[in-house]
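*Asks:* Have a look at the structure that comes next, please.
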There are 2 protein chains.
Amino acid sequence: MKKVVKFGGSSLASAEQFKKVGDIIRSDEARRYVVPSAPGKRFDGDIKVTDMLYECYRAAEKGEKIAGKIKKIQARYQEIIDGLGLDLKLDEQFAEIEKNFIAQAGSDYAASRGEFLNGIVMANYLGYTFVDPAECIFFEDNGNLDGEMTYKKLAERLGGIDHAVIPGFYGSLHDGSVKTFSRGGSDVTGSIVAKAIHADLYENWTDVSGMLVTDPRIVDNPAVIETITYKELRELAYMGATVLHEDAIFPLRQEGIPINIRNTNRPQDKGTVIVESTCYKPAYTITGIAGRKGFASINIEKDMMNSEIGFGRKVLQVFEDNGLSFEHMPSGIDTLTVYVHQSEFEEKEQNIISGLHRAVAPDAIDLEADLALIAVVGRGMRRNRGTAGRIFSALAHKHVNVKMIDQGSSELNIIIGVENRDFETAIRAIYDIFVTAQL
Amino acid sequence: MKKVVKFGGSSLASAEQFKKVGDIIRSDEARRYVVPSAPGKRFDGDIKVTDMLYECYRAAEKGEKIAGKIKKIQARYQEIIDGLGLDLKLDEQFAEIEKNFIAQAGSDYAASRGEFLNGIVMANYLGYTFVDPAECIFFEDNGNLDGEMTYKKLAERLGGIDHAVIPGFYGSLHDGSVKTFSRGGSDVTGSIVAKAIHADLYENWTDVSGMLVTDPRIVDNPAVIETITYKELRELAYMGATVLHEDAIFPLRQEGIPINIRNTNRPQDKGTVIVESTCYKPAYTITGIAGRKGFASINIEKDMMNSEIGFGRKVLQVFEDNGLSFEHMPSGIDTLTVYVHQSEFEEKEQNIISGLHRAVAPDAIDLEADLALIAVVGRGMRRNRGTAGRIFSALAHKHVNVKMIDQGSSELNIIIGVENRDFETAIRAIYDIFVTAQL
């Protein structure tokens, strides 16, 4: 059994947090490959080490003295080292970093030192081998991961090591210079490592006890999702839910490796498991609710449009010619509505209207702005008849006017269009009916 | 006040029916322009006069003797004339018809004689002027109405006549030969006459007390729709409701002339009024329910399809290239479903699947057949929050699995996809909740 465990910055901000992480790792001998982030904020208003490094490097670029700033950063690590009672000095590393900063080694190099140093501390603390990702994670010159070389080298390097610490967030270009991930950071490193060693599980330890059913800014203290499929996750993420970046999910989805999102501060919580597919019955009929404001709808009316072959295609062609992608296209008999992002639409509004007139000669075009889309997502909806009924009854009860309904054959989600001002009310109503009332 | 009144074949099948029609016309002096059909069936198993004429003409085409058949047709009219106690002989007309049949005057001419003769009887019975539509309704050689000439001639001819009978169903080509309407029959004549004389109302008298909320083969004795807009009518008709043909509605919609569908056998019933728009509050939240079986859905999955500009357009292009129009295209986040007519799709299935693979390289394509679409239509739905909730609760209660939901910005209808086998159950459930229970 092999688990890759990744810890976020807040899990490694102080010696106290390091000890929690140590306890977690030592409590399960399968936790053999550890991916640490750089130390995060210890308290509100604190500065992350990565931000200190950026600031220090900017000073170096301007030719300013940086010895004082370097010393401050080293103090952050020394505080952790001392707190853990380790016999470890980072003087040599900091001297080299200072030299490279002055030699303008690049901001990617600068940023990556937070993880690099934390990896050294972590390896020392755990007694694991330190593996520098600059030697086994590679990028193409265009910034994309060189997957072929990376997975080959990682498998080779880690194949002979039972227990290793591999810092997150960076690798190297083929010329050897350090390059960071442009999106997803250390989560992506953990995911790549898990894929490379064919891990049984990828644990992603953060400061929340998993993914929440909905946005905690809208619903107080929402329930945690126990199990979610990649597909559900992708749908919720698309609609604005904060989760792992797509780039961190993609390598694992390819391999079918589950992800467990856990809370370093509450290791007793089971967190959220993200899986390819599962028979595990969800706790509630729905898995999650997410949504976004800021859509506009273009409602096109034309008598007998259904008998015009190519009508819908011509409408979409106009949007495409204007570089706009559409979100949904619900249709009645003689009406067809296109939902787009309002901000993208506004600047092209008149071009699109005149384009539609030329393309399909509609009887009427109506625009409506300030709309929100809400996705109610859940593999359990297929099994539970009446989900749609409960949603729309709940919305009616809260006086929410439903502008659009869209449910395709996947039966995995229902998309609902409401006015922006009804957005929070609608999400709360749906949450209450499925989670609070457990209907 | 000018009303055009059209009577269907069953309203004019016998002298008894003629008397009801006479009473109706005489009870309102605005009923000044009468459009009769040919005599219909007097009883189950009876033959319509039009069918007798077709059969007689086919015999003439084969060179058979037709004197006996002509005599039988004349007897039908004589029975009406005698029953009404009129001093009218049709010998001259029948002699000319027999001559023209033998001279192969065409099947349009043959069919039209049913209305022509009934118009003569009706004019005589009412004391109205007989106007032959061959002299004022004109067709282009391609069979389309020559609207410009028709409306000009009709207005001229009827302008000087206070009370006229204009038989339905036919007019003439520019060479003078008789031509019948290919669709919609006498209903279209009534509509054209109403438009030509700028009528205040077009009354269409039949053997039902108006349009029904839903199909009487599915729901026993459904309620009558009191008022319906052209838009609602069009939507219900598209989904299979039996109503006036589009060609009979189009001229009136242009002019905003209301249509009143009435029952000759129950003139005390108000029937259904079809209007351009109305403030009249509908009796029920919904105006009507109609639907059709025989759809298939093509469910296309692809990760990140939403971020691919042109995805939807390319999908529809494949259907268009195969000559298929789509009915609805609901979409989730990474899924997009296209509903098409199953019979049209089946023969092109593999072409479309391979076309989709080439066009958008989907992750998966799933097909589902034997689906039905149901349209719940009603201008009242906009005013009544919770319509969708009630529909889907009712369907869940009856164990109907909802495969698709589509409601655009028009809020005039909700389209629901179900399996063919759930079709009748679903319609009954929706009818019961809105009409029987009046929720």
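Placed from the backbone N, Cα and C atoms, the Cβ positions cover glycine too.
Whatever TrEMBL says is automated annotation, not expert-curated.
Pulled the feature table from TrEMBL, pasting it below:
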BINDING   B:Lys6, B:Phe7, B:Gly8, B:Gly9, B:Thr206, B:Asp207, B:Arg217  ATP binding site
BINDING   B:Thr50, B:Glu115  substrate binding site
DOMAIN    B:376-439  domain 'ACT'
*Asks:* Hey, of B:Lys6, B:Phe7, B:Thr206, B:Asp207, B:Arg217, which of those binding-site residues are within 10 Å of B:Glu115 (substrate binding site), Cα to Cα?
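*Replies:* Near B:Glu115 (substrate binding site), where near means Cα within 10 Å, there are no binding-site residues at all.
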*Asks:* Taking every protein chain in this structure into account, which of the binding-site residues B:Glu115, B:Asp207 has the most other Cβ atoms within 10 Å of its Cβ?
*Replies:* B:Glu115
*Asks:* What is the one among the binding-site residues B:Gly8, B:Gly9 whose Cβ has the most other Cβ atoms less than or equal to 10 Å away?
*Replies:* B:Gly9
*Asks:* How long is the line from the C-alpha of B:Thr50 (substrate binding site) to the C-alpha of B:Arg217 (ATP binding site), rounded to the nearest angstrom?
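*Replies:* About 27 Å separates the two Cα atoms.
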*Asks:* Identify, among the binding-site residues B:Lys6, B:Arg217, the residue whose Cβ has the fewest other Cβ atoms within 10 Å in this structure.
*Replies:* B:Arg217
*Asks:* In DSSP terms, helix, strand or coil for B:Lys6 (ATP binding site)?
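*Replies:* Assignment for B:Lys6 (ATP binding site) reads strand.
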*Asks:* Taking the Cβ of B:Thr206 (ATP binding site) as the centre, how many other Cβ atoms fall within a 10 Å radius?
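*Replies:* B:Thr206 (ATP binding site) is surrounded by 21 other Cβ atoms within 10 Å.
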*Asks:* Determine how many residues of the domain 'ACT' (B:376-439) DSSP places in helix, in strand and in coil.
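*Replies:* Counting residues per DSSP class in the domain 'ACT' (B:376-439), I get 31 helix, 13 strand, 20 coil.
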*Asks:* For B:Glu115 (substrate binding site), name the DSSP secondary structure in the helix/strand/coil scheme.
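*Replies:* B:Glu115 (substrate binding site) sits in a helix per DSSP.
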*Asks:* How big is the ATP site in terms of the longest C-alpha to C-alpha distance among B:Lys6, B:Phe7, B:Gly8, B:Gly9, B:Thr206, B:Asp207, B:Arg217, in angstrom?
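*Replies:* Binding-site diameter by Cα atoms for ATP: 26 Å.
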*Asks:* Of these binding-site residues, B:Phe7, B:Thr50, which scores lowest on Cβ atoms within 10 Å?
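*Replies:* Lowest Cβ count within 10 Å among the binding-site residues (B:Phe7, B:Thr50) is B:Thr50.
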*Asks:* I want to verify one value. Collapsing DSSP to three states, which class is B:Thr206 (ATP binding site)?
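*Replies:* In the DSSP reduction, B:Thr206 (ATP binding site) maps to strand.
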*Asks:* So what's the mean pLDDT when you look at the domain 'ACT' (B:376-439)?
*Replies:* 87
